[in-house]
Amino acid sequence: MNINNIVRKVYPKLTPYKCKLADLPVEEIKAILGKETVYKLSFNESPLSPSPKAIQAMTESLGKLNLYPSSSGDPIMKKIAEIEGVGPEQVILSNGADEMIILIAQTFLEPEDEVIIPKLSFIQYLAATNLMGATPVFSQMNEDLSYDLDDILSKITSKTKVIFLCNPNNPTGTIMPKHELVKFLSKVPEQILVVIDEAYQEYAGLPEFESGVRHLNQHRFLFVVRTFSKAYSLAGARLGYGIGTPEVIAAINHVRPPFNVNAVVQAGALASLDDFEHLQKAKVLNDQGKQLIYEAAESLGLPYLKSYTNFVYIDTKIDSDLVFEKLAEYGVIVRTLKGYGLDTSIRVSVGKQEEVLAFVESFKEIMLQA
Ligand SMILES: *Cc1c(COP(=O)(O)O)cnc(C)c1O
């Protein structure tokens, strides 16, 4: 008798969150590398602290932590609804977008269902699919690493229950242009839930990008996932949210734990939404950093993808493990994309200027020697 006799059947397909060097908290990376300065550009975290308004609101919330938080997430939930121009019955909060992806899976997936996932996308869609014992069906990418939406449509069967899309996409930073999204939605059969993860939408910028929220009337079961972890600098506090048609929200609410979002982040997120300057600062810093990374790739003659996010995809043309190790010697931590079968590509998060410059300088030295 061992633990394998009592865990669920899906257990062999589930993996605990792996902590390779790039996944560790920065203090631990410092200790392992024996360095005082480490530039962690592997997590797409905001280089800015949370908005001072958010910090104040969160600090004030601490004295009331003897009380349970609001279950619906009112008033932050209503504030999001107001900003997005939807009804409060169309918004639901989660303990980070990661939890929302799991809630979607728990609400909709049966073991006999198929889930279409783009081959090069956020890994949690696969983890959530496996959790429920459903079958992942991978769609291929176009040569330029954008989504092949025709391939996705061609993979739809009578068993397809959910299609996960990430827009802008992690780890490529690319978007589905709005006309393609509209055309795609018009072709997806009504009974399929289309999930669009917009974790990076604040960085995306108009006019090519358009949120799925603007298209809720075009597909019956459409659900958009967002987070305060990236542009709003609240990754450590955990707040995700979803916007969808009332039926989809009501269904997920049957599964959502009653107090899944803590009171501290509810207060902090509400205050963050009032700090337009902080968001603006994050975007400007990000645009400047991206430019420096593009210029470095260009000067080295390396292909990269124009990013609508806070990270840049670069094909280093050499073994990415080697690039990772050399960069780590300079205290710069990036993400390799070997898990996706891309042996020479890296994803580098846009940090603050000092961090970006540390990456650019060490990357140039390494690549010129290689
Ligand atoms: C970072 C990220 C998330 C996770 O966000 P949390 O709210 O921190 O759980 C979800 N989706 C994508 C595509 C991400 O990159």
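Cβ coordinates are placed from backbone N, Cα and C, and glycine is handled just like the others.
Annotation source TrEMBL lists domain 'Aminotransferase class I/classII large' at 38-362.
TrEMBL lists LYS230 with the feature N6-(pyridoxal phosphate)lysine. With a 10 A radius on its CB, LYS230 (N6-(pyridoxal phosphate)lysine) counts 26 other CB atoms from all the protein chains.
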Segment-level pLDDT (mean, integer) for the domain 'Aminotransferase class I/classII large' (38-362):
97
